[in-house]
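Noted in Swiss-Prot for the protein shown:
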{"type": "BINDING", "residues": "Cys29, Cys209, His234, Glu238", "note": "Zn(2+) binding site"}
{"type": "BINDING", "residues": "Lys269", "note": "ATP binding site"}
{"type": "MOTIF", "residues": "31-41", "note": "motif ''HIGH' region'"}
{"type": "MOTIF", "residues": "266-270", "note": "motif ''KMSKS' region'"}
Amino acid sequence: MDIRVYNTLSGKKEPLQPIEPNHVKLYVCGITSYDYCHIGHARSALAFDMIVRYLRYLDYKVTFVRNFTDIDDKIIARANETGVTAQALAERFIDEFHTDMDNLGTLRPDIEPKATEHIQEMIDIIQELVDKDMAYPSAGDVYYVVNSFPEYGKLSGRNIEDMQAGARISINEQKRNPMDFALWKASKPGEPSWESPWGPGRPGWHIECSAMSRKYLGENFDIHGGGKDLIFPHHENEIAQSEGANGKPFANTWIHHGFVTIKDEKMSKSLGNFLTIKDILDHYHPEILRAFIFSTQYRNPLDFSEIAMQDAETALVRLYECLHDIQQLAKGDPTLPALISAKDAAKLNSIETRFQEAMNNDFNTALALGVLYDAIKIINRAQRALTDTPSALDVKMLKGSMTLIQKLAGIVGLLQEDANLFLQQRKEKMLSGIDITEAEIESYIQQRLDARANKDWARSDEIRDILLEKGITLKDGADGTGWSVHRAN
């Protein structure tokens with residue numbers, strides 16, 4: 001089955017066809033390291049983490065490059081506010097980013113280049129553009145001639161003539177055209193700078209990714225990714241620079257993930273709804289955040305709310321509870337016939353095929369997770385129907401299906417914990433917020449068992465209701481009565 005990926009450049013889904021067979025070269029725009037990362041950064045990191053994991057699951061070799069912008073106007077401004085150097089500030093927040101990523105359980109990219117370590121590569125491209133009359137120096141700055149690239153606007157779908165007609169006359173008299181953008185910025189007092197043929201200065205933002213992607217992936221590579229907010233002007237300008245300098249296509253496929261809102265509002269510090277990754281992980285297990293993010297296909301908008309996170313937690317707990325229950329099954333009797341129906345067996349035998357069909361359709365994690373959740377329902381139903389001495393065929397089917405589900409869930413970073421430990425830690429965390437202890441719950445359960453043994457159904461129901469009021473749900477099964485906390489975080 002071919003993987004079909006939505007390409008922003010063409011505006012349609014296309015088969016993924018790596019330039020080098022079975023080797024995908026991927027470049028993703030990383031953070032500007034001046035502050036703590038927020039949930040939007042988490043979505044970006046997790047989306048491309050999922051893509052890399054899935055491609056490797058399919059036995060593709062993946063070279064994954066994600067950069068750090070460690071010199072920028074925002075970094076300089078924040079450094080001046082806090083009284084530290086731009087380098088020290090950038091390094092601090094790169095370290096914070098790595099901590100966040102480790103806590104989220106993301107794979108490290110193969111290469112994580114920093115802009116400040118690739119100044120010469122940027123100067124080289126700028127010089128190539130100047131030599132081609134596609135860029136010009138002006139008072140220590142260097143600007144890209146937008147009109148020199150006829151295809152400008154092909155990624156964002158913007159018409160350069162319309163943009164120029166709507167542009168105000170540039171306040172910057174050093175520009176020939178208001179649409180021209182900076183490749184190199186002349187140094188200012190107190191700012192970091194590097195020597196160049198045009199005098200001391202620092203690179204513009206857009207040239208950084210053109211230089212780093214060319215160094216590590218070549219002039220033409222497979223996939224360039226980022227958020228939809230980067231399509232224009234950042235990625236549009238990258239194409240103009242790179243294709244102008246190299247004379248060949250830049251990235252063949254452009255992947256852009258959707259925005260994250262908070263209760264249907266754009267996230268912003270002024271609205272007081274700015275959620276950092278640290279904030280979220282203080283309240284939720286990282287796999288809950290993953291289950292939430294992957295409940296929506298990566299290109300679609302994603303709205304963060306406590307209710308949505310509770311739904312994600314409920315789904316994740318069901319996965320872990322099922323994993324735990326199946327792991328406890330005995331081997332079974334090889335002489336007994338299977339009880340699982342042919343219909344359910346066929347569904348379980350097709351889990352991987354249906355999961356791949358979903359993922360091959362532009363990495364549709366929402367549909368892929370739906371396949372796993374549906375399989376869990378079948379497994380739970382089949383497990384409840386097992387006798388005290390189950391058929392070995394049924395046990396083999398259930399254990400094999402659960403092992404496969406755990407493997408596939410790992411592609412989106414779920415079911416990575418020991419099931420018993422995950423469920424126990426969750427119980428302890430949830431109990432810390434309500435007025436009952438685990439020992440008291442177990443005491444109530446024993447009282448209820450005694451009542452049921454004496455056929456005192458009224459007392460049995462009364463105990464269940466008492467526990468429900470305290471946020472405890474009982475679950476009767478073949479192995480006894482279990483319980484879970486149903487109150488929200």
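Every residue, even glycine, has its Cβ placed from backbone N, Cα and C.
Feature map: annotations from Swiss-Prot on the structure.
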| residue | record | Cβ neighbours (10 Å) |
| --- | --- | --- |
| Cys29 | Zn(2+) binding site | 22 |
| Cys209 | Zn(2+) binding site | 28 |
| His234 | Zn(2+) binding site | 16 |
| Glu238 | Zn(2+) binding site | 26 |
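Across the motif ''HIGH' region' (31-41), the DSSP tally of helix, strand and coil residues reads 3 helix, 2 strand, 6 coil. Restricting the average to the motif ''HIGH' region' (31-41) gives a pLDDT of 96.
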